[in-house]
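Visitor: Okay, handing you the structure first.
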């Protein structure tokens, strides 16, 4: 019954392939797959459709061995047309990247994937850097010099580009390569005499030269026996799990005329002739003859090295079978002949970060942590604030995996990494002056002061009128006398110091001491306050060389029970004194100028009045009239020595 079914299948397959009229193609079969190369200017989508119609996909190139199989198929294709011009040609393979999926430079395939599915491969052979374009589909082709025969040492490079549109397959696209996978392969049929074998494969390829024939292929054997030809049909079938053969025994087309002289009688190893012109096949020591009476197999199933890569072959019971085993950190792939890496990081064996490696893994700790031991499975926090290693200028607070800095009161964080502290100038606070009158900034603090005739209130901020007269010294007599005697520019002042805490501020007490103005104090605002006090009662007096000022310091870094002390500096006092001296000189100069101007004016006015008095009113103003005399007297001799006489 089985024989009838096989014959019916042969007839149907023979009719199907007889009508195809397909030209011989470039076909290479190895392992469990066949590769076909085709000339045709198609887009990547059209080429994939052509392969899928026959049960395959555009070829994958997942290993160097597979790249060599594809190269052999392309070499056969190029040999069929040796007269082609010298130029670079491209052949589609099944590596593509969809629109919207961008480049992933951390992966070997750069974000591309095989159209037939399966795991990403580690083997790559890129011609140049892959473009970052994500706005269109990208497809990969093999780049060949069509004038050269491909060599095993010169595998085709990968080139990515547009997938083409109907009518425009793409630049330099010459064809494509398909791949067809099978569950098993049969050995090629052996001929013991003259004849021809033609194989018709399930993917519509017809050829006479195959190193392995895929399952379900039909073999047409035409024997030549003189003028008479005989044809035989055979089907590659699965005799047992993973065992495939043609179902025939003995060499085909045997002839007593040739014996073992033609193709070694069709035997794989040894051929033994009989006396009547017959012959039989045999095997060498360590091998055994299989059921087809032609093929020899090793008695040690691992002698042919069936396992690949890192896998090792282990013979089974009675040396009839074998299994492949992988080293630690690897597992068998789908073919059960090779090994692939196990990603141990999928099981999260590390406390923080896991890095997978071929055959193993190792753990890493995040920044701010250190491995907890030789096993590297735990991570301990690094104390960045440890003594002698603190990166902060003042206070360092360690956190889990990190740290942060803080400053004492009166300072703020600064620097690019916020590890330094700089002083806060409270006297320049845009929200307002913390003091009612004078404010003096110090390193990490400040203190308040008052003009002459005023003293600090118990709150250390506001000023109240001093009960001591303005002309009297505000401090102890001995200190005032000493200041006057020594020519001090800053007489004694009444000062008060208070802690910054609000509760202690209201309870502060006044103390008497001689302050010096800090060199860090903002003197500009202080001078303005002193030169023009607003709203302060009393009478303003002209500035002199002595400037009594009442000040109170405000400590910031002290605790609630500590009392802040005033910060003194002679430099700012000298500046204030110089300012008032200059003011006095300017005022005196103005008064002198005014007096001089008035004097000049009065002199000029007096001179004008004097000139006016001396000015003549007429021509006779410089003369005087002689008194008139009687006419009788006029007739008298004016020369007479005696009046009334003539001589």
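Residue numbers in this text run from 1 along the chain shown.
Cβ atoms here come from the backbone N, Cα and C positions, even for glycine.
Features from TrEMBL:
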COMPBIAS  488-497  compositional bias 'Low complexity'
DISULFID  307-324  disulfide bond
DOMAIN    30-163  domain 'C-type lectin'
SIGNAL    1-22  signal peptide
TRANSMEM  577-601  transmembrane segment
Visitor: What are the DSSP helix, strand and coil residue counts for the domain 'C-type lectin' (30-163)?
Guide: 26 helix, 37 strand, 71 coil
Visitor: How many other Cβ atoms are found within 10 Å of the Cβ atom of residue 307 (disulfide bond), counting all protein chains shown?
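Guide: Around the Cβ of residue 307 (disulfide bond), 22 other Cβ atoms lie within 10 Å.
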Visitor: Over the domain 'C-type lectin' (30-163), what is the model's mean pLDDT?
Guide: 87
Visitor: I'd like the Cβ neighbour count for residue 324 (disulfide bond), meaning other Cβ atoms within 10 Å of its Cβ, all protein chains included.
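Guide: A 10 Å sphere around the Cβ of residue 324 (disulfide bond) contains 21 other Cβ atoms.
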